[in-house]
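J.: This structure is in structure tokens; I'll ask about it shortly.
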Amino acid sequence: MASGVGTQQLTILGSTGSIGVNTLDVVRRHPRRYRVVALCAHSQVGRLFEQCLEFQPRHAVVGDSSLAAELAARLAVAGCPTEVSHGPEALLRMVELPEVDTVMAAIVGAAGLAPTLAAANAGKKILLANKEALVMAGPVFMRAVRESGATLLPIDSEHNAIFQSLPSNYSGNAAESGVLGLSLTASGGPFLGMAVSDLESVSPEQACAHPNWVMGRKISVDSATMMNKGLEVIEAHWLFNVPADRIQVIIHPQSVIHSLVQYADGSVIAELGNPDMRTPIAHALAYPQRIAAGVEPLDLYQVASLHFARPDLERFPCLALAYRALGEGGSAPTTLNAANEVAVQAFLERRIGFTAIPLVIAAVMDQLPLAKPLDSLADVLVADRMARETAQLCIAARHPG
Ligand code: NAD
Ligand code: MG
């Protein structure tokens, strides 16, 4: 299909996930503006098949060769000409395609780093949902964006809100723009009101039942521990070049204010809306224009009141660990992120309890050298691998045999 003038050509990494599905919902509303060139997923062949039939991408990518064979066979029977490939190399090819101008980076976790970084190196417009990529490789990723002239637009609702609340010509110099600091709002997750002593026995199902947002399982657990907000503090530091002590976290259970920027003259600028990821997705897709996202208008009469509180670090030790990692610098955020991914997976598989997640992360951070600066992707991958191995050992030591 020929693309019309001005049509944005998209590769969607993680198309079958929560962000991927929401992205396609916005794209579906604007068929003349957006053309899907490549859909990339891991294992949900059935959902990817349906997406291929609807959006007719030139390419689809899955995790391995048997899934690829299964998808290709189903597409052939359905008469859909999408070409199927598989594995990490195929993801890199999909973001580097010359006809692709925009990449939605919505693979969860460290698996998204290589293709997201490749999009940065290729100078694409990157819609960044995969915060773990930025947390684990902050300096390397931001250098790639600068050197290639890539455009980086945040999808994480808090960072999208801050992006919208900063001056449009913000260059990364907070003082020059009169920015005193950033305030990231946090819902507090499903365990905000629970007695701290009861947290030990909560189940993965309880942790994944978020009060305001429907999300993938990993980020849902991160929201319950508030590591999600910790990762977002680190993400905000790299995106907006603001130091840790100027990034504040505020518990705001309604999730109506998505984050705020504090200015030197006393002004506070915020972005508000219903908690629906299609808003930041549509904002970034159309930037600097505005398009309909399918989101209900915010009814402040209905909302009636908004609440704010300081986070309790005893209840949410993961938040303190993230500030510690940002303060230590070097490979500390990479180590934090990798240990967290391993600990969250172990919790989801019921190998450790909920309150063991921060204990595993802290043990890994205590055992590994953290000060080494990250100069390359290779440095990032070494720190990531060491932290994963150490985290697995810590988990095994908690449950011998
Ligand atoms: P999800 O679990 O619903 O989806 C993850 C997607 O990644 C799936 O499409 C899956 O196929 C793909 N994937 C997983 N492992 C892969 C691998 N090894 N290779 C290729 N693809 C792989 O997750 P989600 O909630 O959509 O979150 C995606 C990212 O967006 C995360 O980094 C998350 O932190 C971030 N984010 C999500 C939300 C939200 O509301 N869901 C909000 C802000 C940020
Ligand atoms: Mg967020």
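In case you wondered, yes, glycine gets a Cβ from its N, Cα and C as well.
Nobody curates TrEMBL annotations by hand; they come from automatic prediction.
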J.: What does TrEMBL list, out of His86, His210, as binding the same 1-deoxy-D-xylulose 5-phosphate as Lys131, Ser157, Glu158, Ser187, Ser223, Asn228, Lys229, Glu232?
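T.: Given Lys131, Ser157, Glu158, Ser187, Ser223, Asn228, Lys229, Glu232 bind 1-deoxy-D-xylulose 5-phosphate in TrEMBL, the matching entry from His86, His210 is His210.
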J.: Where TrEMBL shows Thr16, Gly17, Ser18, Ile19, Asn130, Glu132 binding NADPH, which of Gly216, Gly230, Gly266, Gly273 is named for the same site?
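T.: Looking at Gly216, Gly230, Gly266, Gly273, the one TrEMBL places in the NADPH site next to Thr16, Gly17, Ser18, Ile19, Asn130, Glu132 is Gly216.
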J.: DSSP helix, strand and coil counts for the domain '1-deoxy-D-xylulose 5-phosphate reductoisomerase N-terminal' (10-138)?
T.: 65 helix, 27 strand, 37 coil
J.: Spatial neighbours of Asp156 (Mn(2+) binding site) among the binding-site residues Thr16, Asn130, Lys131, His210, defined as Cα within 10 A: which are they?
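T.: Final answer, ordered: Asn130, Lys131.
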J.: Restricting attention to the domain '1-deoxy-D-xylulose 5-phosphate reductoisomerase C-terminal' (152-240), give the mean pLDDT.
T.: 95
J.: Give the subset of the binding-site residues Thr16, Ile19, Gly216 lying near ligand 2, defined as CB under 6 A from any of its atoms.
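T.: None, by Cβ distance under 6 Å.
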J.: Quick test of your reading of the structure: among the binding-site residues Ile19, Lys131, Glu158, His210, Asn228, Glu232, whose CB sits under 6 A from ligand 1?
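T.: If the test is a Cβ under 6 Å from any atom of ligand 1, the answer is Ile19, Lys131.
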J.: Measure from the CA atom of Thr16 (NADPH binding site) to the CA atom of His210 (1-deoxy-D-xylulose 5-phosphate binding site) and give the result in Å, rounded to a whole number.
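T.: Roughly 20 Å, rounded to the nearest whole number.
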J.: Sorry to bug you, but what's the C-alpha spacing from Thr16 (NADPH binding site) to Glu158 (1-deoxy-D-xylulose 5-phosphate binding site), rounded to the closest Å?
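T.: Roughly 23 Å, rounded to the nearest whole number.
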